[in-house]
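Database features (TrEMBL):
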{"type": "TRANSMEM", "residues": "B:6-26", "note": "transmembrane segment"}
{"type": "TRANSMEM", "residues": "B:38-59", "note": "transmembrane segment"}
{"type": "TRANSMEM", "residues": "B:65-87", "note": "transmembrane segment"}
{"type": "TRANSMEM", "residues": "B:94-112", "note": "transmembrane segment"}
{"type": "TRANSMEM", "residues": "B:146-168", "note": "transmembrane segment"}
{"type": "TRANSMEM", "residues": "B:198-220", "note": "transmembrane segment"}
{"type": "TRANSMEM", "residues": "B:226-242", "note": "transmembrane segment"}
{"type": "TRANSMEM", "residues": "B:249-269", "note": "transmembrane segment"}
{"type": "TRANSMEM", "residues": "B:275-294", "note": "transmembrane segment"}
Amino acid sequence: MSYVNTSKIVLSTAAVLMLGTASLAQAETTVALVLPGSIADGGWNAGAYQGLQALKADGFDIAFSENVSQADIPAVVQGYADDGYDLVIGHGYQFGSLFAEISEEYPEQAFFATTSAPGNTEIPSNALYVEFRYTDAAYGMGALAALMSDGKAVGVVGGGDNPTTQGMAKAFVEAAEATKPGLKGYAIVTGDYNDAAKGREAASTMIGNGADVIWHTADITGIGAIEGASSQGAQVIGMFADQTELAPSAMGTSLSANNAGLVQEVAKMVADGSFEGGGMWEPALGFSWLPVYGDASYNTDLISDDVWAQFLDIWSKVDSGEIEPAS
Amino acid sequence: MDIPELAFLTTWIAASVRLTGPLLLASIGELISERAGVLNVGIEGTVLLGALAAYLGAIWSGSPWIGALAAAGMGMLVNVFLAWMYVVVKASQVVVGIIFNVLAMGIASYAFRTIMGDIPRIQTAPMMPEISVPGLKDLPLIGPALFGQSVMFYITILIALGTGWLMYRTRLGLNLRAVGEYPKAAAAAGINVVRMRIIAVLACGLGGGLAGAYFVLVQIGLFRDTIVQGRGFIALGIVILARWNPYLAILAAFGFASMDALALSLQLFDLPIPTQALVALPYLLTVLAVSGVFGRSRNPAALMTPYHADR
């Protein structure tokens, strides 16, 4: 009896020691994530939450708040900062100028906002932002759409009418027309991120005028675009999250934002002391954006290995700066 | 420009017709209510809750028809509350309507999250079948617009025509209009004003609920609390433009939808017009409609006036 107990104690002590060495660096690192939406949205917020869960499995001490309204954001963020969290992550554009303002008050702690740095503002050395390289991503998708197309044209449905949307639309058109000479690139900006009916008609309009591959850069407007395009027999490319379920047989791939990876990467920088704020972090295109189709990267029924290889070639050239969108 | 004009026009007309459906259903509902003297600004909320009911009904039952039925039921149910406020309590119609829209938004978001929380985010509802007339559908210009629509579109047109017939050719329609013009005289003639107005507001709920079903079961197959996007309010403008006439409402709804579709279609040409200006087209038409540029129109005389039997 006593023999069994002793061996149990020895075993568990060994296990604790092994765990201890594995997560020694992370042992004291605490990470708080503030989300403007729900952890169950299956997109923007869910991705970041997955990253946080992975950190927890790696031994980080984590906390999060979801569905934090714009008005409550400052209080929630300051609450975590006052509690001494080593890293406070704000997930979205809502945190841009706030982090530039308050991070100075907590010089020992790190702040990371998953948006670009606010212009005309000095960024404190403990605040970090990220450059998603939206135009480069759009260029890649324009090239992929052109490679997938058997028709006369390909098109993109844009969301809110802002410089980012306009830039993405132009880069998509530019890439499509450069990748396959003679092919027409269309872009329709709906002016709205949340109007699915309008997204559907934007896609239908381009299909009626010869487009056979549709991509989108809009949340719910984009869901309508996918629905409209796939119901009319066109191929589609998803955006922001794995949207395979919307149209499994018409979807070539989805360009998913790797929010989980961003969250994990920055937390690890803080843990091993390599965190460096004061501006924008510019990760590789292939890190911020992942083409996904369920468990695979692309739909082999629509995209041949050869076409995918051609896309990856263009994608890596855009990443390295060898190809630079004019827009 | 290398876009064939014919393909451009065909696509534009087809898109306009598709966008007409929900606008027309909401407008017909609103029109019946206004004809009886009740301005229902709350129609935006009714459409939203109808959309939610259509989505849940369709995914639970697996049938879009059950979804449409659920939306119709939900529309009438929530309008029981509105009818009570407008007709029985005699509260300010505009204030009740606006507050109801805010309430409906909250209810829809909360209910959707609570119910769907554990289910994967993207679950498409079964959609209404499309009717495709072989041969005719391939006609240029009007083929896809008239002979390749969802079955719900044809039902919508029948509802609009049926409402016109009811309003101008039946005793019920005459009574309804009398209540909206001069309720005291109507009451003296033996019409139950309160009951007639309640029926009208419920009919508005039916139209609004079905408009919500249209978004979900014909256009996108999904529910989001933002899908209505002010189209209930656009229905208010359509009713004015149509001069409270159900037949004209078909044309007015098509007019609005075609402006919406044109804003999208025109972007295919490299026109020197900023996108913002194009996107604003339908709203420009709304402003023109209510400003009386298209001729002066006379609204039902007792519109927005609560009926007091004893005064």
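Any Cβ shown, glycine's included, is placed from N, Cα and C.
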Apart from its near flanks, which chain residues at least 6 from the ends of the transmembrane segment (B:198-220) lie with a Cβ under 8 angstroms of it? 18, 21-23, 25-30, 32-33, 35-36, 38, 40, 43, 46-55, 58, 64, 67-68, 70-80, 82-83, 86-87, 125-128, 150, 152-153, 156, 159, 176, 179, 227-228, 231-232, 235
Taking B:65-87, B:94-112, B:146-168, B:226-242, B:249-269 as candidates, which has the most Cβ pairs under 8 Å with the transmembrane segment (B:6-26)? B:249-269
Taking contact to mean 3 or more CB pairs closer than 8 A (sequence separation of 6 or more), are the transmembrane segment (B:275-294) and the transmembrane segment (B:226-242) in contact? yes
If you count Cβ pairs under 8 Å, which stretch among B:38-59, B:65-87, B:146-168, B:226-242, B:249-269 touches the transmembrane segment (B:94-112) the most? B:38-59
Considering only Cβ pairs within less than 8 angstroms, which of the stretches B:38-59, B:65-87, B:226-242 has the most against the transmembrane segment (B:249-269)? B:226-242
Distant-in-sequence neighbours of the transmembrane segment (B:226-242), which means Cβ under 8 A and at least six residues beyond its ends: 22-24, 26-27, 29-31, 34, 41, 43-48, 51, 101, 208, 211-212, 215-216, 220, 248-249, 251-253, 255-256, 282, 285-286, 289-290, 294, 297, 299
